[in-house]
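Per TrEMBL, the features are as follows:
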type     : residues : note
TRANSMEM : 35-55    : transmembrane segment
TRANSMEM : 61-81    : transmembrane segment
TRANSMEM : 128-147  : transmembrane segment
TRANSMEM : 159-184  : transmembrane segment
DOMAIN   : 271-338  : domain 'Sphingomyelin synthase-like'
TRANSMEM : 282-309  : transmembrane segment
TRANSMEM : 321-343  : transmembrane segment
TRANSMEM : 398-420  : transmembrane segment
Amino acid sequence: MRWRAPPGLGVAAMSYVAIDYLRHISPTWHARLQPALWSILALAAVIRVPFYKHWFSEFRAAIPFVASMLFMLSALLFEALSVRFVTAVLGLDWHRDTRPLPDTGQWLLLALNEKLPHVIVEILRARIIGLHHFLMLFMMLAFSVLFDSVEAPGLGLGARYMFTMAIGRLLRAISFVSTILPSARPWCATARFRVPAYPHHWAQKYYVPYASDANSIRQLIQWDIAYADTGKYLGDYQPDWGSMSFLIDYLRPTASEGSSWFSLLKKAGGGCNDLLYSGHMLVAVLTAMAWTEAYGGFSSALIWLFVIHSAQREIRERHHYTVDCVVAIYVGILLWKMTGYIWPVKDASRGRRLTKLEKIQGRLIQAAKDSDMDKVRELLEEVEIGSQESQNKGPNRAMWVFACATIFSALTIVLLAFTWTSDG
């Protein structure tokens with residue numbers, strides 16, 4: 001039977017998006033309403049803590065949640081290394097001089113600007129929703145277990161989200177590091193990175209001599225060996241990174257960037273190559289999939305509209321090519337479906353109910369044959385009470401400590417995520 005979600009979550013989510021958009025229309029009202037909304041939501045969550053009945057389910061999901069978080073952080077670290085590598089290996093001159101790829105999606109949007117009414121075009125151009133909105137929408141979805149809007153455990157839903165995100169990020173990094181594509185914004189690398197202007201010695205040997213001349217490429221295919229004499233390679237700055245010195249060839253630091261390898265990764269951001277596929281769209285699609293599966297309703301349709309709006313803005317503003325957004329959409333959908341087969345998403349109390357139901361199956365069938373609805377109702381209540389009793393057993397004081405720690409940690413994560421991604 002499909003979970004029937006109480007109303008309210010969708011209204012809160014759409015209110016958050018609408019109030020946050022006020023920053024572009026009325027910054028004064030935005031400064032007043034946004035803190036008020038977050039305070040109300042946080043207070044409501046804290047008030048609901050004593051009445052939440054599924055802390056044992058949350059406790060069982062805590063270890064997978066932490067493991068998924070560590071897996072996702074590891075995937076993001078690998079992605080940051082890959083972003084810096086694909087930007088640095090060919091040098092700034094290549095980024096500045098290489099033309100963007102032809103993108104029919106960009107052509108279509110420019111053509112629609114000429115055909116559609118001006119109001120529609122302005123709506124398509126509006127920065128209604130961004131990366132941090134989708135992250136916040138998912139966090140609201142996970143917190144809504146406190147209000148019985150979605151099925152428990154919320155930590156289980158969060159663990160699946162991060163696990164799926166980590167797989168998607170790893171596949172993305174493997175994809176864009178395999179073939180280096182030019183950015184749709186040729187000025188990006190020069191404005192954001194301080195890598196050397198010339199290519200790394202790997203590119204000097206294996207790419208540059210065969211990059212443009214057709215005869216050289218034909219001969220390379222025929223001989224299948226890097227035959228060109230490149231002379232003396234141009235060297236790079238060599239800082240002392242100790243045990244992390246093996247990263248120098250991948251990150252290509254310069255003297256002006258300091259002596260810390262980690263500071264280089266923090267500057268990676270979204271990179272300045274075309275990173276196939278879009279990470280922003282992956283987050284958006286996973287949020288929409290989680291929302292549709294766990295909550296559904298009209299609000300999930302609106303979130304999918306936000307996904308489409310965000311995709312066309314990524315293409316319109318040339319943060320990505322059309323192929324990046326298209327691939328991100330179907331990869332996100334397929335990954336979420338895939339983890340649905342291997343990830344435990346159901347509350348363990350359902351298993352206990354089924355076990356109890358099997359025990360009383362004979363009596364329940366007999367009561368139904370006798371048309372004794374009072375007996376049927378009594379037996380079903382017995383199943384529900386038995387499930388609740390099995391959940392209520394255990395160290396209540398320890399569960400209270402766990403509940404408080406979970407809420408505090410979750411609110412801290414929300415605050416950090418909102419701060420670190422508020423610029424999109």
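Cβ coordinates come from backbone N, Cα and C, glycine included.
Scored by C-beta pairs under 8 angstroms, the transmembrane segment (61-81) has its highest count with 159-184, from the stretches 35-55, 128-147, 159-184, 282-309.
Against the transmembrane segment (35-55), stretch 128-147 shows more Cβ pairs under 8 Å than any other of 128-147, 159-184, 282-309. Across the domain 'Sphingomyelin synthase-like' (271-338), DSSP helix (H, G, I), strand (E, B) and coil residues number 53 helix, 1 strand, 14 coil. For the transmembrane segment (282-309), same-chain residues at least 6 beyond its ends with a Cβ under 8 Å from one of its own Cβ atoms are 2-3, 5, 9-11, 13-14, 17, 124, 128-129, 131, 133-135, 137-138, 141, 144, 149-151, 157, 160-161, 164-165, 168-169, 172, 328-329, 331-333, 335-337, 340.
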